[in-house]
Amino acid sequence: MKKITIAIDGFSSCGKSTMAKELAKKIGYIYVDTGAMYRSVTLFAMRHGLFNADGSVKTDALKQQMSNIDITFKFNEKAGRPDTYLNGECVEEAIRTLDVSNHVSPIAAIPFVRAAMVARQQGMGRNKGIVMDGRDIGTTVFPEAELKVFVTASAEVRARRRYDELKEKGMPADFDDILKNVQERDYIDSHREVSPLRKAADAIELDNSHMTIAEQNDWLMRQVEQRIEG
Ligand SMILES: Nc1ncnc2c1ncn2[C@@H]1O[C@H](COP(=O)(O)OP(=O)(O)O)[C@@H](O)[C@H]1O
Ligand SMILES: Nc1ccn([C@@H]2O[C@H](COP(=O)(O)OP(=O)(O)O)[C@@H](O)[C@H]2O)c(=O)n1
């Protein structure tokens, strides 16, 4: 069966990685969560004092440190998805905190950070057979992807989903803080100069506000079948 490239973009916390990882498992593709890469750079910057007190980034210092940031993925059989490693340390949990979420968008707006991440992502997808989710996969990383999906849901629905997830994991969560974070990231991600979050002209839009996880997985599988058979 022919292998294709699948790009899943959209707003924060709308279910991109949930559907991407499930699809990859079903069809035996590699799954890459590009948000985890930007989150890992952010965690590194937080740990190394590369943020100013006002939340802005010490850009020159970060630039000098970029070659010391090694991000890798290793498949976790139990979780059924790849875990993210920063310089050899599993940071899967550490990169999902609200603190990291509150710092990530300024990091992801920096051109040299994006250039480094995009180069790595393109390398991982060189042989196709990949499902990648993020903000700029269909527009910048793989503009030639055979299937592009752009996912949306209302900000309240997305914040509720993230809130439920953090609660279930026993992590601190406040609904209003999460909603504010989701809205702020949407704004910064959509308005940055380099690769802003936007729907690619040839992407299919999916509003999953009122869909179950099973329904969206079925929907995505149908889209893939059409591309693979067609
Ligand atoms: N259709 C859905 N209905 C309810 N919850 C969902 C749905 N899709 C995803 N979720 C949940 O929403 C949360 C955010 O999903 P996630 O896949 O991490 O989003 P993203 O990758 O877009 O940030 C997760 O806890 C996930 O289980
Ligand atoms: N391809 C990507 C993926 C994420 N990002 C940035 O990384 C942040 C975290 O992405 P994420 O996918 O983990 O976020 P959630 O939607 O899971 O909350 C986003 O808010 C963007 O600022 C990006 O700029 N480009």
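A Cβ is built for glycine as well, from the same backbone N, Cα and C atoms used for every other residue.
Annotated in TrEMBL:
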- 6-225: domain 'Cytidylate kinase' (DOMAIN)
- G10, F11, S12, S13, C14, G15, K16, S17, T18: ATP binding site (BINDING)
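In the three-state DSSP scheme, T18 (ATP binding site) falls into the helix class.
Close to ligand 2, meaning a Cβ under 6 Å from one of its atoms, are these of the binding-site residues G10, S12, C14, T18: S12. Same-chain residues at least 6 positions away in sequence with a Cβ under 8 Å from that of K16 (ATP binding site) are, in sequence order, I8, D9, G10, D133, G134, V151. For the binding-site residues given as G10, S12, C14, T18, the lowest number of other CB atoms within 10 Å of the residue's CB is seen at T18. Residues D133, V151, A153, R158 surround the recorded ATP site, their Cβ atoms falling within 8 Å of the Cβ centroid of G10, F11, S12, S13, C14, G15, K16, S17, T18, which are themselves excluded.
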